[in-house]
């Protein structure tokens with residue numbers, strides 16, 4: 001048995017407070033209003049949605065920021081099967097560049113929130129918080145249609161992702177909606193316990209950090225969500241207490257690293273390997289985290 005009571009662990013499985021939800025919803029509403037009321041967007045088709053911990057319903061911090069994607073869909077990027085081009089799908093060149101679109105968003109947000117409350121970061125446009133709203137990272141992106149993944153020849157059959165460019169001109173492609181949908185599916189398969197387990201592990205990480213038991217910035221909330229995503233459902237479903245569920249989850253992760261099966265793990269989207277392509281985290285980071293959490297729990 002760990003040093004934490006079952007009631008404490010159960011409490012840590014819950015999402016952020018209701019009052020925080022109100023500030024988050026205010027922020028989202030204001031961002032949508034900023035874009036909708038700007039005439040520059042009248043002839044553009046776009047979608048505003050939340051991604052990250054709040055979008056995935058795994059947020060735990062009472063003063064957390066949110067990630068808001070402002071995705072242009074009337075002009076988009078595509079990835080085609082080998083030998084295919086725009087013309088095979090009946091597409092023509094887009095009417096706006098990424099930088100032009102990003103600048104329109106920056107102007108709209110600045111007009112809404114004020115110059116002093118909006119700054120441009122490397123990958124997002126940041127909006128400051130106040131008593132009414134939370135801090136927001138707004139990501140201007142273009143729809144990314146991946147036809148290659150399923151070797152699709154139909155213009156309407158693709159994996160939906162996003163593409164954007166950081167300020168250092170690095171291109172970024174990811175699949176936040178696939179991530180959200182896959183997380184919902186696993187949560188349903190585990191009687192809602194997948195996201196509860198993610199939240200309790202996040203809170204334990206935060207507590208370890210606050211108490212100087214473990215500090216590693218590479219153990220991100222995104223990584224924790226992905227690690228638990230790769231834990232088989234029976235490890236999440238089959239135990240009667242959160243204490244035992246956490247213990248068995250740590251055993252599985254550690255065993256998978258020891259036998260190298262972790263190399264086949266993917267992000268929640270299933271579109272990228274979790275430990276390939278020079279990721280900021282390594283298996284050594286995760287091993288250290290698991291060992292520290294094991295000792296922190298006093299197993």
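A Cβ is built for glycine as well, from the same backbone N, Cα and C atoms used for every other residue.
Quick look at what Swiss-Prot lists:
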| type | residues | note |
| --- | --- | --- |
| BINDING | 51, 53, 67, 123, 174, 222, 279 | UTP binding site |
| BINDING | 67 | Mg(2+) binding site |
| SITE | 174 | site 'Important for uracil base recognition in acceptor pocket' |
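Here the binding-site residues are 123, 279; the one with the fewest Cβ atoms within 10 Å of its Cβ is 279. When other Cβ atoms within 10 Å of the Cβ of residue 174 (UTP binding site) are tallied across all protein chains shown, the result is 20. Cβ contacts within 10 Å of residue 51 (UTP binding site), excluding its own Cβ and spanning all protein chains shown: 22. Taking the Cβ of residue 222 (UTP binding site) as centre and 10 Å as the limit, one finds 17 other Cβ atoms among all the protein chains shown. According to its DSSP assignment, residue 51 (UTP binding site) is in a strand.
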